[in-house]
Each structure stands twice: as C-alpha cells, then as structure tokens.
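Here the structure is laid out as structure tokens; the discussion comes afterwards.
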Amino acid sequence: LTGVLDDCLCDIESIDDFNTFKIFPKIQKLQERDYFRYYKVNLKRPCPFWADDGHCSIKDCHVEPCPESKIPVGIKAGSSNKYSKAANNSKELEDCEQANKLGAVNSTLSNQSKEAFIDWARYDDSQDHFCELDDERSPDAQYVDLLLNPERYTGYKGPSAWRVWNSIYEENCFKPRSVYRPLNPLAPSRGGSCLFYFLMHLEFICLLFCTGLCLEKRVFYKLISGLHASINLHLCANYLLEETWGKPRWGPNVKEFTRRFDPVETKGEGPRRLKNLYFLYLIELRALSKVAPYFERSVVDLYTGNGHEDAESKALLLDIFRDTKSFHMHFDEKSMFAGDKKGAKSLKEEFRLHFKNISRIMDCVGCDKCRLWGKLQTQGLGTALKILFSEKEIQSLPENSPSKGFQLTRQEIVALVNAFGRLSTSIRELQNFKVLLQQTR
C-alpha cells in the first residue's frame, strides 16, 4: 500500500512516518488522562429505524459503567459545555441571572410555552451538529472508563451486524435510489453464509455510483468506508485468540486481517478500503489543526478538579496541535461546497443530514461494546466535520470568554480526541500487520 491518495496531494509513506514518530506516542498518553478517558454515553437508547432484535449475550459485548465515586469531581459536577473551573463555579449564578431575565420579560409563561422555548433552543444548538448527541441528563446516560472497556473483537456478527452496515451503505451513500442489492443474508441461504461477500459487494456498488459524483459525495463515501476499515483493523488487531482456564489471550489475527483486506480475498477492494482509512485520518488531522485556536485560549482548562493534571493535559494537547500544524500535506476542505451559494448550502445540509442519520444508526448496534465505540467514533468524526465548516467562527473567538458562535461540549472534545486516537492506532497496527505478513511468507 503506497503512493498518493485520491482527492488530495498526500502520500501514504508520509502519513506513516508522521503518525509513527510524532502523533501516535502523544495521542496514546493523552487518552490515558482523566479528562479524556471518561465518556458519558447512553447505551439504552432504542433503535429508531427497526424493531430491536435483542442485545448480544456474548460476555465480551458487556460494558462496565464507571462508579460515581471514580469520576473526577470536576467532570461530574461540570455543565456539558463548561471546561474551566471558573465556568463551573459560576453556573448557579448564571442560572439565577437567566431566571431573573426571563421573569423580567414575562412571568406568566405557561409550562407548555417554556417547554417549547427549550425545544427551540435545542433545535438551534443542533443546527451545526453532524451527529445525534446523547442527552447527558438522561438517567440512562452513564460514565464509561474507555481504558477498562477497550475496543476489540467480541464475536458480534450475523444478521444484526449486517443490518447496521447495510443501512449505512444502502440508505446513506449518495447514489440512485433505484439500485437494489442482489443478496440478503437475512434470507435463507443455499450456499452457506454470504455475509462477508455481501458487504463487499454492497460497498463496491456504493463506490461504483460514488466515483462519478462530485468531490463532496466522494468524500462522504470515503469517510464511511475509512471508518469501517478502521473498526475492522481494531478487531483484527485485538482478536480473541484463545481462552483457557478463564484466561483470554488477545492479539493480532493475521488470517482475519487477510480475509478482510487482502487484494485476492476481497477482489481488489481491500487496499482501497485502507486508502480510505488514510483519507479519514487526514480529515480528522485537518480538523485538529483548525480547532487549535479554540483550546489555546486561557478560558479552556480541560477541568477535572486536579489542577496539576489539568495543566499537563492541556500542555500535551497543545503540543499535539503544534504537530498537526507542522504537517505539510493537509486536505484542503475549502475545495468542498465551493460552488454557487444556494447549491453549496443545499449540498452541505444534505451532507450533514446523511451523516447525522448514520450516527442514529449506531443506537441499533446490538453489542454494547460495539455500540459504545461506534457512537464515540461517529461523534468524533461528526465533531471534526463541525470544526471544518466553522472556520470563520473559530477565528473570531474571544480570548477570555466562551463564544456563542462556536462551542464544543466536553463530550465532543472527548470523542474528537479518542476517535483520532483510534485512527492513529489503526495506522500503527497496519504497520504491525505488514511485519507479521512478511514473517509468515
């Protein structure tokens, strides 16, 4: 796997070197910091698209929520869009002032009207989101320690897993709606399981119709394909190899990697999927370089309540931002949505709604651990897209106060960093598989 990627001027070798020697070691350390290891997620949201077909009963699908006593006080006490000690301490005062202002305008509002105003505010806030966000106030939302619930192969497969990826490619790839798929593994099969080859065919058909489309729609397909490839790499690299006397052994599975990515096994599609992984890496790398001014402000502390750790976390994050800015072959997002204003606006909204729909599909994943990491990685990519299309708002941020024009919640920040960390890990694991494959020949 070598050469220049399509739709950008970056080569694979440069990304490999940059990731191995600059990004990977630092992003690994950052993900171990308290601010980034605790992620609040609702794994009980119902699937909005089809009847629930039951959750996976395999023990490795289980996610262990974090006890309240383990959550740093600054994280569980803070509001979702506050990130500094001062902001958290001033929350009650802000609420009081806001109540007085509302009372001064009209003290006779009905409860129904107040609920409507809240819904309008939520609608306005969601207009720049590329993914469906969990309601952190829901009693079903729980903190999860990502380090204690690593992404790896759980055994989750079959009709439930097929339905999720089929819905993503079938209903959210930009293609003619008249195209139908000739295979359906949910139906009785004469020749045994055809799930893997069905998904390969599904992806190929989607690609076939996306190659003749404009840059934006090709980019959309590559993002989804790259995310799919990255998840598959994680599963191959952290596979359950054996379990004896209750002691599981996890590690790289070369046979599984070959099945998913070898040119012969995949009829030439494997290398294309891996190239899309590199393309996705460039997109999120670009987003990190663009959002740096947001975090460089003194008002942003990455607040957990531990002043020393907070300072070290921010210093490490800013160090990573400096590395991202030093990369000289970024993807140019300005080439997207650059046509006439009306057409560009319409296409951007279609792009946003397609991706938001994919984030909702993650609530249909039957395996809790797969759902956790699927939600986190789609939210991370959605946050990256939000950043790339908010350049003007980021450039006009005030130094000493949060901006209403552009904000990131803590959940978005945690998802952004961990999602990019997953991509960085995927590219690093790909180098490991190259070595393993050479050793087996």
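All residue numbers here begin at 1 and follow the chain in the order shown.
Yeah, the Cβs are placed from backbone N, Cα and C, and that goes for glycine too.
Per TrEMBL, the residue from C236, C370 that shares a disulphide bond with C367 is C370. When the Cα of H228 (FAD binding site) is compared against those of the recorded positions C61, C367, C370, the shortest separation belongs to C370. Recorded residues C61 (disulfide bond) and C367 (active site, nucleophile) have their alpha carbons 5 Å apart, per Cα-Cα distance. Cα separation, C370 (disulfide bond) to R260 (FAD binding site), rounded: 18 Å. Around C370 (disulfide bond), a 10 Å sphere centred on its CB holds 24 further CB atoms from the protein chains shown.
Other Cβ atoms within 10 Å of the Cβ of R152 (FAD binding site), summed over all protein chains shown, number 19. Fewest other C-beta atoms within 10 Å: among the binding-site residues H228, R260, that description fits H228.
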